[in-house]
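Enquirer: Quick one: structure below, then a few questions.
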Amino acid sequence: MSSTESPVPAAAAPAEAVPASTPAPAAEQPAVGNGEQRNNADAANNTSLYVGELDPSVTEAMLFEIFSMIGTVASIRVCRDAVTRRSLGYAYVNFLNAADGERAMEQLNYSLIRNRPCRIMWSQRDPALRRTGQGNIFIKNLDAGIDNKALHDTFAAFGNILSCKVATNETGSLGYGFVHYETAEAAEAAIKHVNGMLLNDKKVYVGHHIPRKERQAKIEETRANFTNVYAKNVDPEVTDDEFEKLFTKFGKITSCVLQRDEDGKSKGFGFVNFEDHNEAQKAVDELHDSDFKGQKLFVARAQKKSEREEELRRSYEAAKNEKLAKFQGVNLYLKNIPESYDDERLREEFAPFGAITSCKIMRAPSGVSRGFGFVCYSAPEEANKAVSEMNGKMLDNRPLYVALAQRKDVRRQQLEAQIMQRNQLRLQQQAAAQGMGYPGPGMYYPQPGAFPGQPGGMVPRPRYAPAGMMPQGMPMAPYGQPGQFPAGMMPQGYRPARPPRGAPNAAGGPAPPAGARPPTGVNGAPRPAGQPVPGQPMPRGPAARPAGRPEADQPGALTAAALAKASPEEQKQMLGEAIYPKVAASQPELAGKLTGMILELPVTELLHLLEESEALDAKVNEALEVLKEYQQNDSAGAEAEANAEAPKTEA
């Protein structure tokens, strides 16, 4: 982690008092809950931290590396979009004790993660407490150089801060921010002492935060009772007196101005402010679209620039969405088009599937084909038929690619989601290789010695757990994938078992390593003589299996009826115990990974693989090829990730 950079606090210098004014409408809600202290009511129980302002590329593994330097981390979860799996920019870090959380906020708050300062706060699960306006203040006219850290340091002198945020966009600070204090008294003190002061040579306004709903209601009320009128398309030869006389007949005017340039020439627009709203409304109704000295006037309520831009943005988005909806499912994207093809020849190829509304091959400025284009049909059914018939068709000995057209941002999100999934898989494989707890999907560790025989129709009862895995039925803490523990961390009260190497111990299997500790009982006591040891071969002969036990109850001879009585997790465990020995017979070194990949198949197909050895062998070979191909393609990325410099923090 990069070293923590603490911006110098904005210097507060007294300035002459400024009249209290209504705060400008804020585009963002204030951040809440970010700070150094918690409410006393939560002090004893809360160990969960909210970490915000994260770069989308930040993963659970990166956060664990950072926060584990402070104390024992129970779990980490980066919140992601349910569809694209793209990071939402915030995460939750759970410590085992509150003291570690306190230290994490003191030492890591506003520190840089991927060159972006993070914001850390205690997780507040009660939305009523998160949205309360008590102790929340609004600051505007901030200098562009003031960031979250500088704002926090400036206002920390008045009380415990629960939240501190400067509103920003892609270009930087928006010039306003929010500070949420623990008490209303601290907020009042901050308003009293800082309102009208100079921060970085700019006079700031500090007042109580007004919730968005109240601000919006006040704005709507102001718009409905407007008195300021805007007029454009005014003839350049019109004088100020003529312009004012035009509006005087509608009521008393408090101000009237016709905008002019530096040379004194009229810009063709101006503003008229009436004393009464009804008079202003009457002027708009009668003068809009009227003729004045040969020009058709445009007269309407005067708007702020930000309001006009917002209306234009909304209208643009509405037109854009309407256009996208119109072509949704009917516009096709084509690539690998032969250079000899033109628009007409391409249209002839796709005409048999329906009515084409447009067909175009994209070309360079020189007129040379760029090899891709678009075909738009009148109905989705026609487009789907064209995709199924034309995708992969050979045109001039070149396979044509045909698919539904997608927007660039949608394609980018899908690509980012795919890259993120590959990175997660690589991190899980690295974690498995380094003993960082049991990996997520794609790796399978059998129970040592498998499960002993169970009565007919009963699901297995797990007695032992592999390294980093809790027995079934216990809650799993989130870390990347559900149930995965970071960096070998184990829940308190569980002892990790040694993961199996190669195939499960059986007759002729690998012997325990030199210096291995002797077998122990469940509670660590020496195992009584004669008691079977998990993972060791059972005695041969009639005593190896209880008398009268049906063969179908043995692992490897599972039935659909037995699996139907088990939960999905138990079904996978039962099938894994049956499949693993068969995979290990041919691939002892990769049995765990290959079994994990095979277990992703549906249960019905897994039962078929247990019955048909040839089908299982074919599936093992297929999984082996996929694994080798992935390892070859991903080796460069794994090496870069391993060599990445670890960021450092300082208090």
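Including glycine, each Cβ sits where the backbone N, Cα and C put it.
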Enquirer: Region 'Disordered' per Swiss-Prot: which of the ranges 1-42, 295-336, 421-462 is that?
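Expert: Going through 1-42, 295-336, 421-462 one by one, Swiss-Prot flags 1-42 as region 'Disordered'.
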Enquirer: Which stretch does Swiss-Prot mark as region 'Disordered', out of 132-151, 212-231, 632-651?
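Expert: Result: 632-651 is the stretch Swiss-Prot calls region 'Disordered'.
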Enquirer: Which residue counts does DSSP give the domain 'PABC' (555-632) for helix, strand and coil?
Expert: 61 helix, 0 strand, 17 coil
